[in-house]
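Pulled from TrEMBL:
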DOMAIN    25-144  domain 'Ig-like'
DOMAIN    149-240  domain 'Ig-like'
REGION    303-325  region 'Disordered'
TRANSMEM  246-274  transmembrane segment
Amino acid sequence: MRWEIKKVYLCKIIIFFYTGTSLCIDITVPKSPVIVKHGTNAVLTCNYRSSIAIGDLFNIDWSFRSKGKGPAARNIIIAYYAGGKIYKFGSQADKIKFLQDPPTSGVASIEIDSAQPSDTGIYLCEVTNTPDVSGGAPGYINLTVLVPPSVPQCKVNGYTYIGNDVQLTCSSSEGTPAPTYTWTWDLSGTNKLLPPGAVEQADKNSGSLLLKNLSQEFTGKYNCLAANDLGEAKCTVSITPTFSGVMAGVVVGALIGCLLFLALVGGILFYIFYYRKKHPKAPNVGNEIRQDAAAPGISLHKNSSAEDQPLHTPVERQHSSSTVNSKFNILV
């Protein structure tokens, strides 16, 4: 840019040294960037001055280079004036118009209707008027179209398992100047500060938020607000920490074990306090009476010779004995 300005003055010095007149064209453009709001018209001012009258070889060229493509990117011709006619090209053809038609009175300015984010970039205005030897250095105009943030997209990177770390991201596809991002915690419909001690980093420029060591206390909605000078937009993401598959299996297993243990204890208590009460045990009364036991005073022992003889009561035995004795006495 500086070299091009110096080249104009060098051109004037050389031509003036040989001819005594200046045959270079002066081009004037705004020094400050042109900034307009989205949807409004943008005027790119380019004025010129030539040392000779406008002739048939007078030309005006406008070219454009998008921002972000680097200084080596090729400029694209979007409009020019030559031979008394105006020509327009590209996606901006229907939006561009010269403020002067024809632009032969020192004004080469153009206007872009309803400027969009895609119109942001560097515009070059170049004027030649042969026999002006080299023409003037191109005029560079930096156009910025301000755009409010588009609705951002919220994402959760990572698994929301208890004990894990997860990163929340928030990004708007559009927004000039670049929006800043702010996270808030929506708990029961009320925006609050983020959980204390849980945030490792909160980058307002990138929209990232890191939540460490998740627990049930992190449950709720997290709101991301994207904002710049023209407006703001919001997105929301919900976080509900849960147990992982392995931990869930352990918890379920422990729960089942507890239920089985409680069932066992309940069964024992039922047996003790209910079943035993309804079915008491029969009392133990003395000795059991055997069917083959003899009455008191009667012996069950028999002589082998008298096995088939009936048993005699004590009275019968006494009677038999007296009979024998009486017989014995008579014999004597």
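Including glycine, each Cβ sits where the backbone N, Cα and C put it.
Remember, TrEMBL labels are computer predictions, not curated facts.
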When the domain 'Ig-like' (25-144) is classified with DSSP, how many of its residues are helical, how many are strand and how many are coil?
3 helix, 55 strand, 62 coil
Averaging pLDDT over all residues of the domain 'Ig-like' (149-240) gives 87
